[in-house]
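Colleague: Okay, so TrEMBL annotates it like this:
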DOMAIN    42-522  domain 'Major facilitator superfamily (MFS) profile'
TRANSMEM  41-64  transmembrane segment
TRANSMEM  135-154  transmembrane segment
TRANSMEM  195-213  transmembrane segment
TRANSMEM  225-245  transmembrane segment
TRANSMEM  265-288  transmembrane segment
TRANSMEM  308-326  transmembrane segment
TRANSMEM  338-357  transmembrane segment
TRANSMEM  363-388  transmembrane segment
TRANSMEM  400-423  transmembrane segment
TRANSMEM  429-449  transmembrane segment
Amino acid sequence: MDGEGGSSGLAKSAAVKLCEMGERTKQLGTAMRDPHQQRRIILVIVCVALLLDNMLYMVIVPIIPDYLADLESEQSEHVHVVMHPNTSGNSTSQDKSNKDNLDVQIGVLFASKAILQLLVNPLSGTFIDRVGYDIPLLIGLTVMFISTCIFAVGENYATLFAARSLQGLGSAFADTSGIAMIADKYTEEAERSTALGIALAFISFGSLVAPPFGGVLYEFAGKRVPFIVLATICLADGFLLLTVIKPFSNRTRENMPVGTPIYRLMIDPYIAVVAGALTVANIPLAFLEPTIANWMETTMHSSQWEMGLTWLPAFFPHVLGVYITVKLAAKNPHLQWFYGALGMVIIGASSCTVPACKTFGQLIAPLCGICFGIALVDTALLPTLAFLVDVRHVSVYGSVYAIADISYSVAYAMGPIVAGQIVHTLGFVQLNLGMGLVNVLYAPALLLLRTVCQMKPSYSERDNLLDEAPQGLYDTIKMEERRVKKKGYSSAGNCLSVDENGFDAFSAQRSMSVESSGPEYT
């Protein structure tokens, strides 16, 4: 009897636990259906994807040069023994040639990701506009997972080059669709700036923490461990995406408008100015990353740990810059152009002071200034791209953030290849002075955004800029509503306004009248 009673008690407790798990699952399902909760989870998924992409981008910095140098040394020794088994002459010239060849290989390997990303982005932006944001994000995470696994098992230059290029393909889908998804879910300007600021903080954290993370694990656990850790996190993020968003069952965007083609966005003067600012502002970081270590070793005789931790202190002013810009944008959203211009001036001044530094402690200040300025530029101008699409085009964000990704890719594709050549030809001082001068001279171009940043999305220029007939039902309805609004504003003067929560009383009244009189647009 005691055994039967014990079994009955265990069965009851198991049933209670199953009921509790069912309740929790039900509560989780209810939370997933809540739009506010869902978009927070989406923000987490996107931020983790951006963190992984930038960690994978930078984690190879302390790993690959040393790993390739070991491979090159083994191959050189093998060739020397085979061709000259009985000689042990001076091989200084041969070593110099091998080092130059290795530098070229490392530069091409580092740049291959950005180059492929640059080539794929025009296609990925159009693809994202057509199918939505969730499936491209899943494709990007899948490709990044495969790329990370190849990095872990790769043992020759060709395999590592393929993995690096494949990462660029995944980034073209994951980065663009992730940022576009945030802009689509957070439609209110202040919330959008905050959400994109959080995403930028994760990008910064991934870029700056990855080199010490990879260096420590590579030193004590081997080459494979850092990539296995990142692949595991990528796999978990992909499963979370499948669980929460369910990209293959959620086709809510099928009836949404067709986005503006990417070539038309590229020739928009306002978007072109923003894209140029993003490229110019990120050139100092992209050009200093592959060159500053050699300069520190030559001029400061810096140790390995100092060169490895060069950029880590800059994480904190970058986060501070994101925080300050988000707060300022919430109070004065029409001054986003000014925050971006101020950031470019700070970048220019900081870049010019880098060559004057004589110690590691002095160098931290201008590098922090560069990252602080980049935070101002990115945090101010990324939401501005979505705003420009809202007021001048159709509110679909895949192509416009593909243009932003192209802007970043241009800087980071040129950095590993061009920066070294400039330093070798002109010098490190001239490189920094040139980058600083370009940033300061470009800053006034953002004055062009002053007028458009004062517009409201409800007063869109799309009616005036549309060169062709409205595309589909969505554009027809929206353009008809705008014409009616303009007539209402210009005639009576006692128009119905849009309240603080974005509720348009005019549209609501109009929709009620349409419902009462039957379908008008059929």
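Even glycines carry a Cβ here, placed using N, Cα and C.
Any TrEMBL annotation is an automated prediction that lacks curation.
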Colleague: At a C-beta cut-off of under 8 Å, are there same-chain residues at least 6 beyond the transmembrane segment (400-423) that contact it? List them, or none.
Modeller: 103, 106-108, 110-111, 113-115, 117-118, 121-122, 124-126, 128, 171-172, 175-176, 179-180, 183, 262, 265-266, 271, 274-276, 278-279, 282-283, 285-291, 294-295, 382, 385-386, 388-389, 393, 430-431, 434
Colleague: Under 8 Å for C-beta pairs, could you tell me which stretch among 135-154, 195-213, 265-288, 338-357 has the largest tally with the transmembrane segment (429-449)?
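Modeller: If we count Cβ pairs closer than 8 Å to the transmembrane segment (429-449), 338-357 scores highest.
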Colleague: Under an 8 Å Cβ to Cβ limit, what residues of the same chain, 6 or more beyond the ends of the transmembrane segment (135-154), are close to it?
Modeller: 45-46, 49, 52-53, 56, 60, 124, 127-128, 160, 162-164, 166-167, 169-178, 181, 223-224, 227-228, 230-231, 234-235, 237-238, 241-242, 247-248, 398
Colleague: Which residues of the chain, 6 or more past the ends of the transmembrane segment (308-326), have a CB below 8 A from one of its CBs?
Modeller: 62, 193-194, 197, 200-201, 204-205, 207-209, 211-212, 215, 289, 292-293, 296, 339, 343, 363-364, 367-376, 378-380
